[in-house]
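J.: Here it is: the structure, laid out below.
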């Protein structure tokens, strides 16, 4: 290929194609311009228009194929070096920000639910909004990147993410926090589709699979970064300040700001990076593309100690910007919105037909990613409940309780003239008990209830024991004075290091899968990497039937994440190689949107099974992975395919 283009690409020009069936403008007997085509009013394309559009489409396809081969040769001449590694770091930080976004809400929820007074439904909506917003962002920014440009759209997406992440850290109410996280997610949702398309267009064919796989590793680094920073910041309750009772800025809000740092760093780096030259060529900007390719060439060869090496390309084939004939022939009979809708729907169908099996990986990955920590929490809760202390049928008179009460059940106990002062009650249940002439002062409680109790002549002063915590109780001459209002952060409860440790280990376990896929993507091939990894992951899920302890679940989580990461990387590589430059980011955006939808379904279904059955999550994951793996083995091999 190199010898062919060395003799051709430097001085050739664009010459108009000759039409075999060209007709004279003037014919005998009638004037074509005065003739009315009877199907015009029915919106039916004229046969001559259809033929012309088909010829234009064939011409454009030929131009694109020639450009693809020429562009591959130019990238070989530019070499792989300093420029690609700089872009690798900048885009890697953007992908790292995407990984961080998936963990932010999960880490801050235990603290935010107290700070923002969240109900279970509101907590569920916050967890759901992460993937829904990223789904919208992937679809939106992927399509825009093919129209506006990879670099410009990535800058806009990251800017939106940074701005609204900052705003969410200041939000004092649930509604504003939810709204800002929604917009932040829409911004960051565009990073993955754009990053892979952007980077692939600076890589030559024999480097593409390996280096795109190395780029995937930054998502893992994002998970590790989020786990470490959350572990180091959120438990430090003192890391914050308040301005009266209206504005609170606790440690979890500091973490939200720190979590945005990778996006900010990538945003700064992108200001020094150029647009994709392949995108510019697709849009007829020959001179701009040539200047960028020369910059890539000169940067790489100067870094290699050969500054005298000259960029010999003087002309690059510029394709005609012609859309598919089916769409173009209807330009006179459809509105721009209708044509956009038809194009988008057609592309979505194409992407779904080619890559709908990929959602099986993400369905299982995200579903089990939610199920693993929830199952660990469930086992912790069962162990906690098994150690409950039960006190029944006793009498407590004139006692002072100035020590914490935790994980206890007080049943049919009589408290006469007792005092509960300056204590914390955690998971305490008073049932069928009597309180007479008692005094509760400065009480802080969590998961504490009074059920079917009789309370006489008792004072509750400066406590958070509200009406909802008294179930079917009878009260006489009982007063509540200076009750604590709002929600109060319980630092002893939610800052369980196991939450961060599980996420850290799960992210770190992805490293072997990343390394294997990077080293063997070009040797084994994309299809075998994807299919094999999915089938091995399916086998791993069956070991979950044997998991009866926290350590066993953590170990299986690490095994599953490590194996499935290789499939994930292969999917991203195949996606950018299957589609032409004019549709690459859009296709990647549709794929990522489908995967986020699968994540929503998987996490919702799997979370509902916690504490009920293990069989449903395991069998669903096994079935999805086996079906996806078998279908993936029939994919076209893109290993030696020139980027279209």
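The count begins at 1 with the first shown residue.
Each Cβ is built from the backbone N, Cα and C atoms, and glycine gets one as well.
Per TrEMBL, the feature domain 'Major facilitator superfamily (MFS) profile' maps to 87-639. TrEMBL lists 11-33 with the feature region 'Disordered'. Among the features that TrEMBL reports, transmembrane segment is placed at 85-112, 124-141, 153-171, 177-199, 211-234, 254-273, 498-521, 527-546, 591-611, 618-635.
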J.: Run the contact check on the transmembrane segment (124-141) against the transmembrane segment (211-234): 3 or more C-beta pairs under 8 Å, excluding pairs closer than 6 in sequence.
T.: no
J.: Is the count of Cβ pairs under 8 Å between the transmembrane segment (153-171) and the transmembrane segment (254-273), pairs 6 or more apart in sequence, 3 or more?
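T.: Contact between the transmembrane segment (254-273) and the transmembrane segment (153-171): present, because at least 3 Cβ pairs are under 8 Å.
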J.: Could you tell me what the rest of the chain brings near the transmembrane segment (527-546), counting residues at least six beyond its ends with Cβ under 8 Å?
T.: 360-361, 364, 368, 513, 517, 520-521, 552-553, 556, 559-560, 563-567, 569-571, 574, 614-615, 617-618, 621-622, 625-626, 628-630, 632-633, 635, 637
J.: In the same chain, who gets a Cβ under 8 Å from the transmembrane segment (211-234) while lying at least 6 residues past its ends?
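T.: Apart from its flanks, the transmembrane segment (211-234) reaches 80, 84, 88, 91-93, 95-100, 102-104, 107-108, 111, 195-196, 199-200, 203, 251-252, 254-255, 258-259, 262, 495, 497, 500-501, 503-504, 506-508, 510-511, 514, 517-518, 521, 565, 568-570, 572-573, 576.
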J.: I'm checking region-level scores; what's the whole-number mean pLDDT for the domain 'Major facilitator superfamily (MFS) profile' (87-639)?
T.: 82
J.: Looking at the stretches 85-112, 177-199, 254-273, 498-521, which one shares the most CB pairs under 8 Å with the transmembrane segment (591-611)?
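T.: Between the stretches 85-112, 177-199, 254-273, 498-521, 177-199 has the largest tally.
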J.: By a Cβ-Cβ criterion of under 8 Å, what residues six or more beyond either terminus of the transmembrane segment (177-199) are in contact with it?
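T.: Same-chain contacts beyond the ends: 87-88, 91, 94-95, 97-98, 101, 105, 112, 116, 122, 125-126, 129-138, 140-142, 144-145, 150-151, 153-154, 157-165, 167-168, 171, 211-212, 215, 263, 276, 572-573, 575-576, 584-585, 588-589, 591-592, 596.
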J.: Same chain, outside the transmembrane segment (498-521) by at least 6, Cβ under 8 Å from its Cβ: which residues?
T.: 99, 103, 106-107, 110, 209-214, 216-217, 219-224, 226-228, 230-231, 369, 372-373, 376, 380, 529, 533, 550, 554, 557-559, 561-566, 568-570, 573
